[in-house]
Amino acid sequence: MIVREETKGDIMFSDNKNKNNGNKNNNNNTNIPRPQFMQSEPRLSTTDALTDTMRSSSAASPMSPYNYDSGRLSGDSSPMMMSPWNQSKSSPFSKPQWSECEEAVPQNSIIGSLVREEGHIYSLAASGDLLYTGSDSKNIRVWKNLQEYCGFKSNSGLVKAIIISGQKIFTGHQDGKIRVWKVSIKNPSVHKRAGTLPTLKDIFKSSIKPSNYVEVRKHRTALWIKHSDAVSCLSLSPDKNYLYSASWDRTIKVWRIADSKCLESITSHEDAVNSVVCGNDGVVFSGSADGTVKVWRRESRGKGTKHVPVKTLLKQECAVTALAVEPTGSMVYCGASDGLVNFWERDKQFAHGGVLKGHKLAVLCLSAAGTLVFSGSADKTICVWRRDGVIHTCVSVLTGHDGPVKCLAVEHDRESDARGEQRWILYSGSLDKSVKVWSVSESLQHNRMTSDVDSLPSESDSSYSSGRAGNKKRN
């Protein structure tokens, strides 16, 4: 059903371990480690104070799930308030290329809001006129033309990721399982569970050999083909032959879709893997709570695959929370718990291209379509960035959610072609239990879109332009 946004209570994050760090860092922010950009030209170094949200050392890092607690007010004590970017100050890098959002008058309006009061929205996937939503209610809801179409339930817990591949739907869950669903040809509203990854057959065959068991924690072993902790992200290769699953167990697993076999388990990071995304030509990117972004190259080895590490793009203390690749594969974007979005240029051996500043709290999700890049944040807003070469301009800030924006999905607005303009339908899922639907134009001028004009914040950020020259001038 479509409903207009209702007033709801604030939804905050809390982290008991770091609940006092916000005030602490504001008073003493000179001793916090700085981020380092690895093997990137020009190499960046830090010169100013940088405060951030410190990651946990455990595989199930608090920065991975973003612990939600509606009964606790975060305020200044929230770990998400520790971002230094909520203040106007000079760059912490010696030669950054900045882009920052600015306030502007409303121009476009929201299409609608999809609400089903059953759980916080953690995952979205769009295909044509269909939208799949996953929540902590264990239900997957299907919406068609902004109306609830059907739904199906999994017993695997919170739905953290959804991927659509033809007639198959893959869902990643909190309990470490990946469910496979098939759409009925006779009745498209019926979704039947086709299996689980890994399959029972593969589990049985692997369990016979002791060599197939690996240590996942101290004094605990598990089959290498199974995730031993929550599945945080799913990604599909461009040729749709391989499925990648990232997990808090610090591994990335590679699945061949044709026969549902696990071909490889990549021990990639020192902490929870929060995001994995596929680029072109067999290149894969991974981001972790250990603060790193890594590049991998897929090589064929007989009937299997082997992923070779290529480069470490970023190494910092704050957790990497989201990744996205520009549609042509020329840019890769990284969102982090410090509220920043970094990007790199593939055509220049992944040289660091710049930093996008638009959020006051952690960036939780990213998506790219056409010349636009979307970033959703714990500050309840979505920034829309337009890319022109390496120059990124924040053309809009979407407001209206009452909780952190946890996931994004983008589809081309086919009706806009008839009008001679390029538009996108953007879906945003939030911990306020709603999905909002936006129509965004490629030709947007500076503006702020909102589902409630009264929700415009009174505070105005400064505006920057990003480019290779590293222009930091305030406009």
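A Cβ is built for glycine as well, from the same backbone N, Cα and C atoms used for every other residue.
For 1-96 (among others), the entry in TrEMBL reads region 'Disordered'.
The compositional bias 'Low complexity' annotation in TrEMBL covers 19-31 (among others).
Feature annotation from TrEMBL assigns compositional bias 'Polar residues' to 37-50 (among others).
What TrEMBL lists as compositional bias 'Low complexity' is 54-65 (among others).
Per TrEMBL, the feature compositional bias 'Polar residues' maps to 84-96 (among others).
The list of residues near the repeat 'WD' (224-265) in space but at least 6 beyond its ends in sequence, with Cβ under 8 angstroms from a Cβ of it, reads 59-61, 64-65, 158, 160-163, 165-166, 168, 170-178, 180, 195, 197-199, 202-203, 206, 212-214, 216-217, 271-278, 280, 282, 284, 286, 288, 298, 304-307. Annotation source TrEMBL lists repeat 'WD' at 224-265 (among others).
Counting residues 6+ beyond its ends, the repeat 'WD' (266-296) has Cβ neighbours under 8 Å at 35, 55-61, 63-64, 229, 232-238, 242, 244-254, 307-325, 328-329, 332, 334, 336, 342, 346, 350 in the same chain. Positions annotated as repeat 'WD' by TrEMBL: 266-296 (among others).
Summed and averaged per residue, pLDDT over the repeat 'WD' (313-345) gives 96. Taken from TrEMBL, the feature repeat 'WD' applies to 313-345 (among others).
Among the features that TrEMBL reports, repeat 'WD' is placed at 356-385 (among others). Residue counts for the repeat 'WD' (356-385) under DSSP (helix as H, G, I; strand as E, B; rest coil) come to 0 helix, 19 strand, 11 coil.
The region 'Disordered' annotation in TrEMBL covers 448-475 (among others).
Residues or ranges marked as compositional bias 'Low complexity' by TrEMBL: 452-466 (among others).
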Summarise the repeat 'WD' (266-296) by DSSP state, stating how many residues are helix, strand and coil.
0 helix, 19 strand, 12 coil
